[in-house]
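Participant: Below is the structure I would like to discuss, written out as structure tokens.
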């Protein structure tokens, strides 16, 4: 392999890390600025939720298409298109003069966001042998952990000392740098052409949109609960129709043969089950600290920083842990630990010393980081190059929806305890944390289906290896 091509492949993880950082930052920085944007556009803060929902639904709808587009036109072409759309959408959002304009431009942003990270990860899957994939994905995930810490703080700073427009303008230099770097370092992997499954796209895409909408409606109590549940049931019906369609179609959008890969099926179901519990922490903890303990919003937001810090520190140790314990023992054990850590938040009180609140959050961050890395890599471990794009899309969709599902479930549990007479606000949060902890511990049973040898292809040592294939210069 030439030195030029080696440098090109070495730059690929940096491109994926940039994409992850942009998405993670954008997901958290906007919430802080919503009141300021609402004031500038002469709308109520509640109405600004449409700017968030429009992006979320667009991403949910188009993630499944990202794999087909990358297979058909190449990873470099689609990735540069995605970053371009995300960057131009950010510029347009900053220039918006009304809420309808902002919503439209957020949709454009969402089109880019739906393809950016999945295509970058697909390129990694095809470029690196499985035994090199774990440390590479670890590296890529780190900037994504910094984004949620930096987002709320940076959003507050920009709104306070500049204007809300800079919330979007900050994406532009990052996007331009990403484009230049991608043109130089992103390989243009393609596969054999296959016909686009338009019927499958409509069934699967609408199912995801309705499911996301139903969860949002249920969690935010925007409409009556029965309406939200009807939307969710309809989405499940469309998903069942897609399954029937996929069985009769030679080349469906998402092949059902994926789920014949045992580690993939366990990883997907495990992602959904465990994130029901872990997804509640960023939602419940700031609420309990503010509503129950009386903390100020800024302090409550900063209290989540130890979780992200623990996640970053744990990334450097995940590979060693997996090599020592294996995937099965690691995932079962760490999921039980996470469940116990979530449940122990029921022991916290306003009178506790601040370090007694910070330390459990730090430990939880380390545990969650280990779990997510192990869970995501075992899901992709045994996929072939032919089904890597579809499997990667399913994983991205699962991650997108399961976080919302975790928030909705924990909100529903909290509402149940709020209806109990004779309980204080703090006790209601305590009972909710105990319930979500039990759910998380129970989800560990899913990973007991793994064999002790599963994932060995990811963690075995190799003296010298190289990426699977480097495209020719013509690609």
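A Cβ is built for glycine as well, from the same backbone N, Cα and C atoms used for every other residue.
Just so it is clear, the model here is predicted, and its values are computed rather than measured.
Below, the features straight out of Swiss-Prot:
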TOPO_DOM  1-9  topological domain 'Cytoplasmic'
TOPO_DOM  31-49  topological domain 'Periplasmic'
TOPO_DOM  71-77  topological domain 'Cytoplasmic'
TOPO_DOM  120-138  topological domain 'Cytoplasmic'
TOPO_DOM  182-197  topological domain 'Cytoplasmic'
TOPO_DOM  243-280  topological domain 'Cytoplasmic'
TOPO_DOM  323-328  topological domain 'Cytoplasmic'
TOPO_DOM  371-393  topological domain 'Cytoplasmic'
TOPO_DOM  415-428  topological domain 'Periplasmic'
TOPO_DOM  450-475  topological domain 'Cytoplasmic'
TRANSMEM  10-30  transmembrane segment
TRANSMEM  50-70  transmembrane segment
TRANSMEM  78-98  transmembrane segment
TRANSMEM  99-119  transmembrane segment
TRANSMEM  161-181  transmembrane segment
TRANSMEM  198-218  transmembrane segment
TRANSMEM  222-242  transmembrane segment
TRANSMEM  281-301  transmembrane segment
TRANSMEM  329-349  transmembrane segment
TRANSMEM  350-370  transmembrane segment
TRANSMEM  394-414  transmembrane segment
TRANSMEM  429-449  transmembrane segment
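Describe the structural context of each listed feature in the structure shown, including burial, neighbouring residues and relevant distances.
Facilitator: Across the topological domain 'Periplasmic' (31-49), the prediction's mean pLDDT works out to 76.
Residues in the topological domain 'Cytoplasmic' (120-138) partition by DSSP class (helix H, G, I; strand E, B; coil) as 17 helix, 0 strand, 2 coil.
Non-local neighbours of the topological domain 'Cytoplasmic' (182-197) in the same chain are 7-12, 14-15, 68, 70-77, 79-80, 83, 122-123, 126-127, 249, 251-253, 385-386, 389, 469-471, 475; each lies 6+ residues outside the stretch with a CB under 8 Å from one of its CB atoms.
Sequence-distant neighbours of the topological domain 'Cytoplasmic' (243-280) (same chain, 6+ residues past either end, Cβ-Cβ under 8 Å): 64-65, 68, 194-197, 199-201, 203-204, 331, 335, 338-339, 342, 368, 371, 375-376, 378-383, 387, 390-391, 393-395, 398-399, 402-407, 409-410, 432-433, 436-437, 439-440, 443-444, 446-447, 449-450, 454-455.
Note on the topological domain 'Cytoplasmic' (323-328): residues 374, 378, 447-448, 450-456, 458-459, 461 of its chain, located 6 or more positions outside it, place their CB under 8 angstroms from a CB of the stretch.
Only residues 6 or more beyond the boundaries of the topological domain 'Cytoplasmic' (371-393), in the same chain, are considered here, and those with a CB under 8 A from a CB of the stretch are 63-64, 66-68, 70-71, 118, 121-122, 125-126, 130, 133-134, 137-138, 141, 191, 253-255, 257-258, 261-264, 266-268, 270-271, 274, 278, 315, 318, 322, 327, 330-331, 334-335, 338, 399, 450, 454-455, 457-458, 468.
Across the range of the topological domain 'Periplasmic' (415-428), the DSSP-based residue counts are 8 helix, 0 strand, 6 coil.
Same-chain residues lying 6 or more positions outside the transmembrane segment (78-98) and placing a CB less than 8 Å from one of its CB atoms are 15, 19, 22, 26, 41, 66, 69-70, 105-116, 119-120, 123, 165-169, 171-172, 175-176, 178-179, 182-183, 186.
Proximity of distant same-chain residues to the transmembrane segment (161-181), defined by a Cβ-Cβ separation under 8 Å and at least 6 residues beyond the stretch ends, is recorded for 11, 14-15, 18-19, 21-22, 25-26, 29-30, 33, 36-37, 40, 80, 83-84, 86-87, 90-91, 93-95, 154-155.
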Participant: Looking at the transmembrane segment (281-301) and the transmembrane segment (350-370), are there 3+ C-beta pairs under 8 A, with each pair at least 6 apart in sequence?
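Facilitator: Contact between the transmembrane segment (350-370) and the transmembrane segment (281-301): present, because at least 3 Cβ pairs are under 8 Å.
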Participant: Flag the pair the transmembrane segment (10-30) / the transmembrane segment (99-119) as in contact if three or more Cβ pairs fall under 8 Å (sequence separation 6 or more).
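Facilitator: Checked: the transmembrane segment (10-30) vs the transmembrane segment (99-119), in contact.
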Participant: Which one of these stretches, 50-70, 99-119, 198-218, 350-370, 429-449, has the most C-beta pairs shorter than 8 Å to the transmembrane segment (394-414)?
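Facilitator: By Cβ pairs under 8 Å, 198-218 leads among 50-70, 99-119, 198-218, 350-370, 429-449.
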Participant: Between the stretches 50-70, 99-119, 350-370, 429-449, which wins on the count of C-beta pairs under 8 angstroms to the transmembrane segment (198-218)?
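Facilitator: It is 50-70, which has the most Cβ pairs under 8 Å.
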